[in-house]
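The following features are taken from TrEMBL:
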ACT_SITE  His212  active site, proton acceptor
BINDING   Gly46, Ala47, Gly48, Asn49, Val50, Gly51, Asp71, Asn132, Val155, Ser156, Asn157  NAD(+) binding site
DOMAIN    41-179  domain 'Lactate/malate dehydrogenase N-terminal'
DOMAIN    182-344  domain 'Lactate/malate dehydrogenase C-terminal'
Amino acid sequence: MQKSASSGVSLLGPGGLDLTHSFFTSILNSAPPSPTKRHNKVTVVGAGNVGMAVAQTILTQDLVDELVLVDALPDKLRGEMLDLQHAAAFLPRTKIHASTEYSVTAGSDLCIVTAGARQVSGESRLNLVQRNVSLFRSIIPPLVQHSPACVILVVSNPVDVLTYVAWKLSGFPANRVFGSGTNLDSSRFRFLIADHLDVNAHDVQAYIVGEHGDSSVALWSSISVGGVPVLSFLEKQEIAYERVTLEKIHKAVIESADEVIRLKGYTSWAIGYSVANLARSILRDQRKVHPVSVLAKGFHGIHGGEVFLSLPSQLGRGGVIGVTNIHLTPKEAQHLRDSATAILEVQNQLPI
């Protein structure tokens, strides 16, 4: 069976004749499809565990018309593409492409970067970041070349530093480059709070901000359940709570990924759902608020440099619409500035 290179139409007839139109007859006085019809195209760079979890989740949630996979390993890449294509009867109609060449990504609305070098035993964090900077030099420029109007979403770790790197390499406005940041950390946070209070996690409003890592900040002052501010409610009702319990919950959030990696070898499904959640807000112009890694200079007293870290931000079709003016206590604001300093210490040593 042959396929037209331009349209993807199957050529089943003698000599490669296009029989597509033989199956259907146009109704009288019909007009061509509207030229304003939105066609969503998403590229996922990196066909590893995280990249494929992202791709699979985006597919099952019917977010795209066209999905492109890019990776440096051609055989694995083709295998992953075929595996998804063979599920076509069970999925929303989506064209799925895969290539080691970036030309296939042309016209993407959203480019999701999950590719990254893995840390080897005994390797410093700085050396790992430097290797990933080299990798990003081969990823970001061709994405920008073929999709100059796209939004770039960085998932690769360390996500805050690499989002900064992607922004610098892209030359894009800061609102069109952001990182997955603490979106998943905040989901873990909400789950743990909901578990402690025996409520649905959907009813918990809670954010982890700052670095996606050890210096992250739990915004306890703004946590609410069903619209009720938790800590102020406990204080007004004179209900005792222990600060150490809160610290244990935050510590559990920080250690969650390490526990999953220790048990199954890698994380994939939770980050897949998290990124698909962000993709939905972008592609559907949902204008939802997510804690994602954005250019934080000028917010909450952060003035030391162009640092990316997570803040509750509104996302829409054009990327980051704005950062929520969330109230922080003086202690939370200082912890956030400390988190920015920790990121900048690594960032300032990069050759970019």
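Cβ coordinates are placed from backbone N, Cα and C, and glycine is handled just like the others.
The structure, with features from TrEMBL marked on it.
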{"residue": "Gly46", "record": "NAD(+) binding site", "contacts (Cβ under 8 Å, 6+ apart)": "Val70, Asp71, Val113, Thr114, Ala115, Gly116, Ser156"}
{"residue": "Gly48", "record": "NAD(+) binding site", "contacts (Cβ under 8 Å, 6+ apart)": "Asp71, Thr114, Ala115"}
{"residue": "Val50", "record": "NAD(+) binding site", "contacts (Cβ under 8 Å, 6+ apart)": "Thr114, Val155, Tyr266, Thr267, Ser268, Ile271, Gly272"}
{"residue": "Asn157", "record": "NAD(+) binding site", "contacts (Cβ under 8 Å, 6+ apart)": "Gly116, His212"}
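In the domain 'Lactate/malate dehydrogenase N-terminal' (41-179), helix, strand and coil residues by DSSP number 66 helix, 26 strand, 47 coil. Around the Cβ of Val155 (NAD(+) binding site), a 10 Å sphere holds 28 further Cβ atoms from the protein chains shown. Sparsest Cβ environment among the recorded positions Asp71, His212 (other Cβ atoms counted within 10 Å): Asp71.
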